[in-house]
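> Encoded as structure tokens, here's the structure I'll be asking about.
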Amino acid sequence: MNHSDTLSLSLELLEQPSVTPIDHTCQTIMADRLAKVGFHIEPMRFGDVDNLWARRGTEGPVFCFAGHTDVVPTGRLDAWNSDPFAPEIRDGKLYGRGSADMKTALAAMVVASERFVAKHPNHKGSIAFLITSDEEGPAVNGTVKVIETLEKRNEKITWCLVGEPSSTHKLGDIVKNGRRGSLNAVLKVQGKQGHVAYPHLARNPIHEASPALAELCQTVWDNGNEYFPATSFQISNIHAGTGATNVIPGALEVTFNFRYSTEVTAEQLKQRVHEILDKHGLQYEIVWNLSGLPFLTPVGELVNAAQTAILNVTGTETELSTSGGTSDGRFIAPTGAQVLELGVLNATIHQINEHVDVHDLDPLTDIYEQILENLLA
């Protein structure tokens, strides 16, 4: 079987067991290809994380492909139908950890850039790659650090295409033009431990906190807008008690998360939570962690370029969406860049037997190349 350029490079990347935060030479494989077509290669290592900044051209505007080489752990190997790091094609599907999220998109980006540069050696502006091995992990030494470095030297990205698997039913049907913000909290409610037979000598933090938690669950934080659904509050963990059946616990710990829209700020959410907890007279402490601000790329040059390319290649009228979890786009958007996420189908990401349709790889490459044509030719 003759493999296309994109499929061949995908197979090479998928053979690398790059479980986060280990890159396992994926970035070197990409950098070697890019260097041959005139990209300046700049590895950036922070802590135990490999990052790659590659750029062809010195002028603006700057079109940047962004993505990650790290993958999530495989889970039980005996549950896979084949070795997750020995990619296999079966029934038109390419199986392997990272096939959907997101090594095939990385391959498509490289091949699209090679083809575009061959046709337009003196293209407008610059093409860049921002690749990290710390997207699936804590995301502390990855894209955010590269962006900080670029900002310090006033190197700006105009348009950024993140290759996350955005498609739902067919290639290109969904493009993510924004993401909700994510705000986490750990709430500790203090009570007084005691014997269940003598409740008057104790204070049960579960009983005291329950009305407040119920109110938090029932609160309408906002109504969303045309791009974002309403803000969602979800409790993920509750822990209290010693395990004994005759002891009133002395403390309660609750972990919760907000996925929030551009209609509200993290500070407003924090303030409203404190007001509810205070109203119920709780003795508490709370630790907040903001893991991502919401961002939105309105219809403009990048959205138009992507929608046109998808329509030309696949015949699909794409839909803009802000659904799903956070991505590294949250670190790039605050610089003022227009950010879009466009990649293969996301139905099997992070799952056992993760796979992608082989027949989507060349059209994805064509879409990426056409976006470059639309913006930099």
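Please read every residue number as a count from 1 along the shown chain.
Every residue gets a Cβ built from N, Cα and C, even glycine.
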> The Zn(2+) 1 site in Swiss-Prot includes HIS68, GLU164. Which of ASP48, ASP91, ASP101 is also listed there?
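It is ASP101, as the record lists it for that site.
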> For the Zn(2+) 2 site that Swiss-Prot describes with ASP101, HIS350, which of these is also annotated: GLU59, GLU136, GLU317?
GLU136
> Just give me the nearest neighbour of ASP70 (active site) among the recorded positions ASP101, GLU135, GLU164, Cα to Cα.
GLU135
> Which whole-number value in Å describes the distance between the Cα atoms of GLU135 (active site, proton acceptor) and ASP101 (Zn(2+) 1 binding site)?
11
> Between HIS68 (Zn(2+) 1 binding site) and GLU136 (Zn(2+) 2 binding site), how many Å separate their Cα atoms?
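HIS68 (Zn(2+) 1 binding site) and GLU136 (Zn(2+) 2 binding site) have their Cα atoms 8 Å apart.
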> Validating a neighbour-count step here. Other CB atoms within 10 A of the CB of GLU136 (Zn(2+) 2 binding site): how many?
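There are 22 of them.
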> In sequence order, what residues of the same chain, 6+ apart, have a Cβ less than 8 Å from the Cβ of HIS350 (Zn(2+) 2 binding site)?
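Listed in sequence order: VAL72, ASP101.
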